[in-house]
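Colleague: Handing you a structure now.
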Amino acid sequence: MATIGFIGAGNMAEAIIKGLISKKVYSCDEINISDISDNRLDYMKSAYGINAFKYNNLVVSSSDMAVLAVKPQIAGEVLESLDDFPCDKPVISIAAGLKIKKITDLLGDIPVIRVMPNTPALVGWGAAGLFANKKGEKHLPDAQKIFSAIGEAFVLSSEEDMNIVTALSGSGPAYFFLFMEEMINAAVELGLDEKTASELTMQTALGAAMLAKHRSDAGEKPEDLRRKVASPGGTTEAALKELENNQLGAIVMLAVSRAKQRSEELSEV
Ligand SMILES: NC(=O)C1=CN([C@@H]2O[C@H](COP(=O)(O)OP(=O)(O)OC[C@H]3O[C@@H](n4cnc5c(N)ncnc54)[C@H](OP(=O)(O)O)[C@@H]3O)[C@@H](O)[C@H]2O)C=CC1
Ligand SMILES: O=C(O)[C@@H]1CCC=N1
């Protein structure tokens, strides 16, 4: 699929790039990156055999599609520094909170596709929300192809929804990792060795996610599956009561709302 260039080659760009190479969506020589850090460029070049550039402008001019993958706080200054941006070159922005309007204010009336990916893209299990401006709509199939190759891609009906998607699936992997960390800690504190605790936790998380995904086709929801684990008067019921009594639902609501609010705040920087 022609060439793709990443402005900023950090954690999320690496997850996408590794996914794209392993799924053969792009070959290594069709992927360009730029980054402020020479060490990072050297690492990415040697790890993936892709083309590394010191200057963001060179990545734009060498690529058919540009992916903006720097932190939202510096996205404005990075965009301002891109000279004479071609009016027909599509930009995929993965920066949390960064609105399409800010991008077109700085680069002109160009095709823009906002995407909120997540790091499981690294292993082909990403989840991404996409929204394009009018000019970007014709590039949406290409963007969907890219993000479906490394997971699942969902086109959103409004740009506003991007803040919720950011709080849900963009940040979401971290919530599950924290839950896994806490499960491992609990098992270790109760006397299990760390390796066994860690492997059992990971396999359980994977199994639960796979089961939920498979059974959703048959109309079964996570709450139905939860009930099948919790035998009346059994161990799971005892544990779930503790989670409920300690307001797990309210804590999750608070966390996801705060992430959404932070995404909205990042639109203002
Ligand atoms: N991490 C995640 O799970 C997700 C992140 N995102 C979004 O992806 C974007 C990148 O996040 P993430 O990969 O985590 O962040 P990182 O900090 O890991 O990556 C950003 C990279 O850009 C580099 N950089 C800094 N300034 C410039 C510049 N002027 N020109 C070119 N490169 C520069 C940084 O270098 P240095 O570190 O030296 O400053 C760093 O290597 C963010 O906008 C974030 O909102 C979206 C979904 C999920
Ligand atoms: O934490 C962040 O701001 C980024 C966006 C979603 C995941 N990581």
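First residue shown is number 1, and so on along the chain.
A Cβ is built for glycine as well, from the same backbone N, Cα and C atoms used for every other residue.
TrEMBL labels come from automatic prediction, so no person has curated them.
Note that the structure is predicted; figures quoted are calculated from it, not measured.
Pulled from TrEMBL, these are the listed features:
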{"type": "BINDING", "residues": "Ile7, Gly8, Ala9, Gly10, Asn11, Met12, Ala69, Val70, Lys71, Pro72", "note": "NADP(+) binding site"}
{"type": "BINDING", "residues": "Asn56", "note": "NADPH binding site"}
{"type": "COMPBIAS", "residues": "214-227", "note": "compositional bias 'Basic and acidic residues'"}
{"type": "DOMAIN", "residues": "3-97", "note": "domain 'Pyrroline-5-carboxylate reductase catalytic N-terminal'"}
{"type": "DOMAIN", "residues": "159-266", "note": "domain 'Pyrroline-5-carboxylate reductase dimerisation'"}
{"type": "REGION", "residues": "214-235", "note": "region 'Disordered'"}
Colleague: How big is the Cα-to-Cα gap, in Å, between the residue listed as 'NADPH binding site' and Ala69 (NADP(+) binding site)?
Modeller: 11
Colleague: Going by DSSP, is Lys71 (NADP(+) binding site) part of a helix, a strand, or coil?
Modeller: coil
Colleague: Name, in the order they occur in the sequence, the residues of the same chain whose CB lies under 8 A from the CB of Ala69 (NADP(+) binding site) and which sit 6 or more residues away.
Modeller: Phe6, Ile7, Gly8, Ala9, Gly10, Met12, Ala13, Ile16, Ile94, Ala95
